[in-house]
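Visitor: Here's a structure for you.
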Amino acid sequence: MQLPPAFISKYQALLGAEAIPFLDSFQAPAVHGFRINPLKPPANLTIDLSHPIPTVPNGYYGKVAGKTPEHQSGYVYSQEPSAMQVAQVVNPQAGERVLDLCAAPGGKSTQLAGMLNNSGLLVANEIDRSRAKVLVENLERAGVWNPLILNEDPDSLARHFPRYFDKILVDAPCSGEGMFRKNPQAMKYWSLDYPAACAVRQRTILPAALKMLKPGGELVYSTCTFAPEEDEQIIAWLLKEFPLKVVPITKTAGMEDGRPAWANQNPALADTVRLFPQNLPGDGHFIAKLRYEPTDAAGSLIKTQRSNVAGELRKWWQQLVSTEFTVDPATNLLSFGKTLYSYHPDIPDLQQLKVMRPGTPVANIKKQRLEPAYGLALALKPQSVQKRLTLTRAEWQIYVHGDTLSVDPKLPKGWYLLDCQGMPIGFGKVVQGTLKNFFPKGLRFQI
Ligand SMILES: C[S@@+](CC[C@H](N)C(=O)[O-])C[C@H]1O[C@@H](n2cnc3c(N)ncnc32)[C@H](O)[C@@H]1O
């Protein structure tokens, strides 16, 4: 790989002798990793789990294929190993309200959701609409319960969530120097001035994020770049401008202190973390954790979203629950577009927000009836449905292609939660020996 000459000389000046292993690391192959989703029920996975990442529960080195039941059903998520350290630093606790402000495609959101274990509230926001759609797919696949998925710019979002969150992650858009190895195209955008331009954007995102943090709440800031302008210098600026304190991050093997000398010499910057690719298997990251300690500690009340499901629609839902489920899987019901959602009761009134998903889709609204939603199949506990059917891997291929399958004609008609090797993969409807396919049209694929 041919690194930009200005990049080489910049890091030679910054790193001295260490620049040699740093620059050499770009010639090594990219390191792959994946996480196993702790939200999913136990299943028989066909995946090599022999190389665990010691510092990341459920994290493994290796590559996983995309077109497999394990991937389609959200049991695995491919993620570069050093990126996995960020959610570890956020460390969400049960019941907390957590915002992932720059969330697409959803690597850190899915990991945070796993750590929240479907307690508390995850709000995943992405400014770019097409990327937000990918975020929706990934959170749906992961079976996250009641995530609020938004497509807002940080300033607009801040108006709706004043002092609302316990933890906020800003995994900032950055110059992406850590991506060069995996995606050499990323070098095309790079110039000596690019990190400073990215820093301008980061300085607009962060004040908006702080408006949404509760007093005593924690902000985690991360980048996948090595540029001091976007790393230590951003934290030095935040510490000067806002009532924030650095929370030291416990360092594990291969993690280095942030470098005060690369900013304003503030010694607290050493408590941030640099992950360099010459020190650990991964592409590199910068992570800082800050506690917000404003002097005026008043919180803010918000108007919460009320359920809008009554009358006929509620009756149809109750009918579906009584014929197909063992318990009512929904929390609060919201009709949104042509879908019925379960949503978290603490979410603000959604009227002025660009909502991708208010929660978990539980049913598709048809004329005079409801059909259980794909997203529900991936999120609910299998024991909460009345009828289940196991497909072989070969039958799974037919299912994800969108075709019908023949089944035992004696099977009672109705909705079945389908699984493959114990992994829930979607719903199907049995009618007289035929399994009708309800795998969403937009997600179908051929192996
Ligand atoms: C590093 S990526 C996030 C990766 C994601 N956290 C993950 O782990 O999968 C940064 C994201 O910030 C978004 N972004 C770009 N400009 C932004 C802005 N002005 N405010 C907020 N987000 C922005 C990008 O669209 C991009 O999806």
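Glycine residues also receive a Cβ, built from the backbone N, Cα and C atoms like all the rest.
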Visitor: Going by the S-adenosyl-L-methionine site in TrEMBL, where Cys102, Ala103, Ala104, Pro105, Gly106, Gly107, Lys108, Asp153, Asp171 are listed, which of the candidates Glu80, Glu126, Glu137, Glu140 is also part of it?
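Guide: Candidate in the recorded S-adenosyl-L-methionine site: Glu126.
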Visitor: List the Cα distance (Å, whole number) between Lys108 (S-adenosyl-L-methionine binding site) and Cys224 (active site, nucleophile).
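Guide: Counting only the Cα atoms, the answer is 13 Å.
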Visitor: By the DSSP assignment reduced to helix, strand and coil, which category contains Asp153 (S-adenosyl-L-methionine binding site)?
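Guide: Looking at the DSSP assignment, Asp153 (S-adenosyl-L-methionine binding site) belongs to neither helix nor strand, so coil.
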Visitor: Ten-angstrom check, please: count other Cβ atoms within 10 Å of the Cβ of Cys224 (active site, nucleophile), all chains counted.
Guide: 25
Visitor: Taking DSSP three-state, what's Lys108 (S-adenosyl-L-methionine binding site) in: helix, strand or coil?
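Guide: In three-state terms, Lys108 (S-adenosyl-L-methionine binding site) counts as helix.
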